[in-house]
Amino acid sequence: MNIQKVGIVGAGQMGNGIAHVMALAGYDVLLTDVSADALEKAMIVMSGNLERQVSRGKITEDEHKNALAQITTTQKLSDLGDCDLIIESATERETVKQAIFEDLLPHLKPETILTSNTSSISITRLASRTDRPEKFMGFHFMNPVPIMQLVELIRGIATDEPTYNACKEVVERLNKTAASAEDFPAFIVNRILMPMINEAVYTLYEGVGSVKSIDDSMKLGANHPMGPLELADFIGLDTCLAIMNVLHDGLADTKYRPCPLLTKYVEAGWLGRKTQRGFYDYRGDVPVPTR
Ligand SMILES: CC(=O)CC(=O)SCCNC(=O)CCNC(=O)[C@H](O)C(C)(C)COP(=O)(O)OP(=O)(O)OC[C@H]1O[C@@H](n2cnc3c(N)ncnc32)[C@H](O)[C@@H]1OP(=O)(O)O
Ligand SMILES: NC(=O)C1=CN([C@@H]2O[C@H](COP(=O)(O)OP(=O)(O)OC[C@H]3O[C@@H](n4cnc5c(N)ncnc54)[C@H](OP(=O)(O)O)[C@@H]3O)[C@@H](O)[C@H]2O)C=CC1
């Protein structure tokens, strides 16, 4: 299938990163969100990230301009009717995603491929609520999208080969690497990464270390580019908690029990960088640990 126009639903940190790399690769991009503010902010963030790539000599000024010109925004899902590929990247909540697909389906061409950037939710279950489970896939980017090399491709039980191959070709055109993952809770990366982050929060909760000592230990002692708590803030604590809940519910093993301290931060609305407060407070010049 020839994919030229890509519709992206959700203009948060992942949606804008996906729009950025798709536009740079020459796809026509239509980015949608329920919030006009989110769309406006996404255009500013993409422009800033493209500018940074220009200043580091990764792309030219023309590529920057052309990429931005490939992206249009809309608040109406019905505008996505002529897209060849949809990548849903809204909030990590199954009911939100199901409602989006339900609203979107009547407007789509029969051949349009539907995908979700979900971090953890069953692709088979999401697909089964649509009219095209064979054309439905998990298309899971990593954060920050313009930098990270990997895209996990997850087949649902009914996904057909042409759909998988079409998505793999898109990943190749983005100059990224596809990893195929089976459809089980949180797939590969988050099945491994999220319990580590959750364990870091338990380490904080039990007073084994402070935010700074935990992050320093993993950066200097295990050579991770970010400490686990800094990374949790970067991903979004709501997303981390949602993924742990999917692991806990889906695998029914107490080893995936979300740390009560993670729940408390989310209940406070301290979701990390996106709300300017999480395990660190980002409101000043430098991030300050909150514990
Ligand atoms: C939750 C899920 O479902 C799945 C996930 O995504 S899990 C999260 C996976 N991501 C990670 O684990 C990220 C871990 N962190 C890192 O790799 C690094 O800290 C980092 C790449 C984010 C930043 O690296 P750094 O060395 O501290 O910063 P810096 O030198 O300023 O940036 C490195 C590059 O990243 C770019 N960058 C940094 N932050 C960025 C952002 N938010 N958006 C876009 N680009 C960004 C910079 O422009 C720079 O690009 P070049 O190398 O092309 O010049
Ligand atoms: N954060 C990460 O590191 C990664 C996240 N993911 C996955 O990507 C998806 C998005 O995550 P992320 O970008 O971090 O989240 P964000 O919270 O940054 O963005 C989500 C966006 O979706 C919008 N949204 C909510 N409901 C709807 C709707 N019905 N229609 C359209 N837009 C909607 C939100 O608007 P509003 O704010 O107004 O509610 C918000 O702008 C999630 O499934 C997540 O698990 C995948 C890889 C990495």
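Just so it is clear, glycine is given a Cβ too, placed from its N, Cα and C backbone atoms.
Copied from TrEMBL, the annotated features are:
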| type | residues | note |
| --- | --- | --- |
| BINDING | G10, A11, G12, Q13, M14, G15, D33, E92, K97, S119, N143, K274 | NAD(+) binding site |
| DOMAIN | 5-183 | domain '3-hydroxyacyl-CoA dehydrogenase NAD binding' |
| DOMAIN | 187-282 | domain '3-hydroxyacyl-CoA dehydrogenase C-terminal' |
| SITE | H140 | site 'Important for catalytic activity' |
Remark   = Candidates G10, G12, M14, K97 (binding-site residues) with CB under 6 Å from ligand 2, in sequence order, are G10, G12, M14
Ask   = Whole-number Å distance between the CA of K97 (NAD(+) binding site) and the CA of H140 (site 'Important for catalytic activity')?
value = 14
Request  = Summarise the model confidence on the domain '3-hydroxyacyl-CoA dehydrogenase C-terminal' (187-282) as a single mean pLDDT, whole number.
outcome  = 98
Inquiry  = Let me check the 10 A CB neighbour count of G10 (NAD(+) binding site). How many other CB atoms are there?
reply    = 27
Request  = Take the C-alpha atoms of G10 (NAD(+) binding site) and H140 (site 'Important for catalytic activity') and report the distance between them in angstrom, rounded.
outcome  = 14
Remark   = H140 (site 'Important for catalytic activity') to M14 (NAD(+) binding site), Cα to Cα, whole Å, comes out at 10
Note = Restricting the binding-site residues G10, M14, D33, N143 to those with Cβ under 6 angstroms from ligand 1 leaves N143
Ask   = Under 8 Å Cβ-Cβ from M14 (NAD(+) binding site), six or more apart in the same chain: what's there?
value = S89, N117, F141, N143, V145
Remark   = Three-class DSSP assignment, D33 (NAD(+) binding site), comes back as coil
Request  = Let me know the DSSP-derived helix, strand or coil state of K97 (NAD(+) binding site), please.
outcome  = helix
Query = Near G12 (NAD(+) binding site), how many other Cβ atoms are within 10 Å of its Cβ?
reply = 19
